[in-house]
Ligand code: UGA
């Protein structure tokens, strides 16, 4: 294998596209493969098919370098690549909390027949522990190169909205390997990051698989912990923001992922904790992670409690009440609406008879496609016109920076529920708004 291995990236969704683009910018020859011809056409044409700050510029740079190309033909991957990264999705199954592994299985079984020479297949997708062992046998039994094909696991920790930064300057790299050869290949595939002194943990396959779900479970637990404290604050008159700030000064606790509010959503945290509980049950260690059920339940409750707060502010009933819903994406700087708390709240409000107008700076197309029955506005002003309650549900900077006097001119009543603790209560109250947030006194 050459000093600088040639890389293929199988699956050019959010994770794969970012990985392929960044690796090409780092100097590798990269071939991105996807079955979705529209996605491949867009990427080949220099267009990123989702919203991610900084990635379009990186794509142009990568394409201009001549080191990156895309194809729908997986047969090309076998001849081209020394290292094949599996970057397909593992969503929650339609009928159970388990991870749906069909895309991982499909990509491995369609790649294997084309592996005619020694190479390393590297899993990056988030999978239930034990998947890598199963995939190793699948690969080695159907690849013409047999046991000269090895599998490694290199979990990905990138955050939407920070994908480029997290890929170019990761906190750590985890290399799950079964041989010194696999380790040396991974070292050559990540040489620029190793030269930049990114910490590396070398481990076995099951540990590498587990690191990812453990990390996401810990982050989810931290968020639900502070939201559980918010519930206690709600009945005691205490202030969860001041509580969180006080906790954050203790370096053993730290302030990150301690932002109370509407809770976590997205394509990762919610489904990862559910899949982890399910896998632990299958393995007979379910009791060890049963607290994650509570983490999930606390998180789900935030959505209903936000609706309760909006109803209370509207005077006890939502029937016929006009609500301006600011935000649809599961978090700012993303157009991703998977398991988005904001849209769940909007739908719960509509179910109680409210007239909800949703505005989001980036996620409107995705929201319209997924929930055509909601009303959408093209601007904050349009969403706010005549509203009896404004609900801030995703903390985009555009919403954080809203001028309470300016917004006050559009609404019918100056009521605001800050679902993300994104605004300064004093400023809004001084402008005659009834400001409310979960976990803070009215
Ligand atoms: C998450 C992890 O942070 C990444 O490390 C991981 O790689 C990724 O999942 C994945 O598994 O692929 P992401 O889903 O992009 O990344 O988003 P986060 O920034 O983790 O936010 C998740 C949710 O938690 C959002 O809905 C956010 O609004 C919420 N959140 C976050 C809070 O409610 N409070 C906080 O303090 C922090």
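Each residue's number is its place along the chain shown, starting with 1.
Each Cβ is built from the backbone N, Cα and C atoms, and glycine gets one as well.
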Per TrEMBL, member of 271, 331 binding substrate alongside 157, 158, 159, 160, 212, 257, 258, 259, 260, 261, 265:
331
Have a look through 90, 203, 207, 235 and flag the one TrEMBL assigns to the NAD(+) site that 34, 39, 126, 160, 271, 338 belong to.
90
Of 39, 157, 160, 265, 268, which recorded positions come close to ligand 1, meaning Cβ under 6 Å from one of its atoms?
157, 160, 265, 268
Pop the Cα-Cα gap between residue 258 (substrate binding site) and residue 126 (NAD(+) binding site) into the table, whole Å please.
24
If you count Cβ atoms within 10 Å of the Cβ of residue 157 (substrate binding site), leaving out that atom itself, what do you get?
15
How long is the line from the C-alpha of residue 265 (substrate binding site) to the C-alpha of residue 338 (NAD(+) binding site), rounded to the nearest angstrom?
7
